[in-house]
């Protein structure tokens, strides 16, 4: 009986070629697994049939849109997940979900190995392989693009020699990864840092300079979960999808950054994440109203560590699980409404209300009704600066 290899199948050039290559070079049966993460584009049945046409003995499509939104995007919202304070982890949070379903498929179909199409330069090889080490360590891992130094030209030549049906051509300029949480674009002329992105780079967002009328939105949260938009109840997936449309129409969520990859190189990335950025900014604003100062300060460090761990492929790590527990506890009172305006590429917060608010109008006001006892301030200031004052006297030789 032949070995069975479960392949993470995107429908693109590299993984389509990988089906035939694995079958031929490893004398194995290939089971292609494609995960619907709300990426849009091609119909998933078309993707499934392409895998079969390339030689897969089985081609499985998993509709994981709600699972992705609830179990991966939502924790990112609660953690204000932004790698290097910018990137909302578009690809990084999708990989552990793909790993989960591949491991399940390998178990169900008696797979002996798993395969991916990642190169040796990227982060995804780490995310996949560390993920498998944590969920299915008994499986062999095959990475033909990395281990056999495939290039796009080599992949196309192999496809032509073996009559593999592919739609990509040598003129395809970009590498693109997308899901409902966002879209990542790299390579091509973008590798020259001085080249500005042209309009064909973007698909999820309109040009911010188009002059659309501002769009005012009210996002309601319950314990950190977005539950309504403009008073209409929504699921997490529906919230992301609606804000992708509305924020995307305003050019919100475009990012152009030079990113520090896990493997040690810098990479220029273009991201579009209109729904993700809107939800994260709204969530940050809700936390600012409802989380106590010391907890908020500490959580900012936890959020940054959480984002780094997820980016680095450590979704299944003990530290990540512990941080999840801390973050979940911090969300108890993150409930209320945030009003914001989407316009010309900007997210402008202009209203906040919550029954759990720590904002006390009578303490904050400078007008009539001020209840703040200012007589307490002098002693507070003296004590707050006392240790610094003593150190300064020592340094000046007057202690």
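Including glycine, each Cβ sits where the backbone N, Cα and C put it.
Features as listed in Swiss-Prot:
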type    : residues                              : note
BINDING : 8, 9, 10, 11, 12, 13, 14, 15, 16, 117 : ATP binding site
BINDING : 87, 123, 127, 175, 259, 271           : L-citrulline binding site
BINDING : 119, 123, 124                         : L-aspartate binding site
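Among the residues 8, 9, 10, 11, 12, 13, 14, 15, 16, 117 said to bind ATP, no two Cα atoms are farther apart than 13 Å.
Taking the C-alpha atom of residue 175 (L-citrulline binding site) as reference, the shortest distance to any of the binding-site residues 8, 14, 16 belongs to 14. Considering only the binding-site residues 87, 119, 123, 127, 259, no residue lies within 10 A of residue 10 (ATP binding site) on a C-alpha to C-alpha basis.
Considering only the residues assigned to L-citrulline binding, 87, 123, 127, 175, 259, 271, the longest pairwise Cα distance works out to 19 Å. Of all the binding-site residues listed here (87, 123, 127, 259), 127 has the Cα closest to the Cα of residue 8 (ATP binding site). Every protein chain shown contributes to the tally, and the Cβ of residue 123 (L-citrulline binding site) ends up with 19 other Cβ atoms within 10 Å.
Using the Cβ center of 8, 9, 10, 11, 12, 13, 14, 15, 16, 117 for ATP, the list of other same-chain residues with Cβ within 8 Å runs, in sequence order, 17, 18.
Neighbour density for residue 8 (ATP binding site): within 10 A of its CB lie 23 other CB atoms from the protein chains shown. Within 8 Å of the centroid defined by the CB atoms of 119, 123, 124, the record's L-aspartate site, lie the Cβ atoms of 118, 121, 122, 125, 126, 127, 263, excluding the listed residues themselves.
DSSP classifies residue 175 (L-citrulline binding site) as strand under the three-state reduction.
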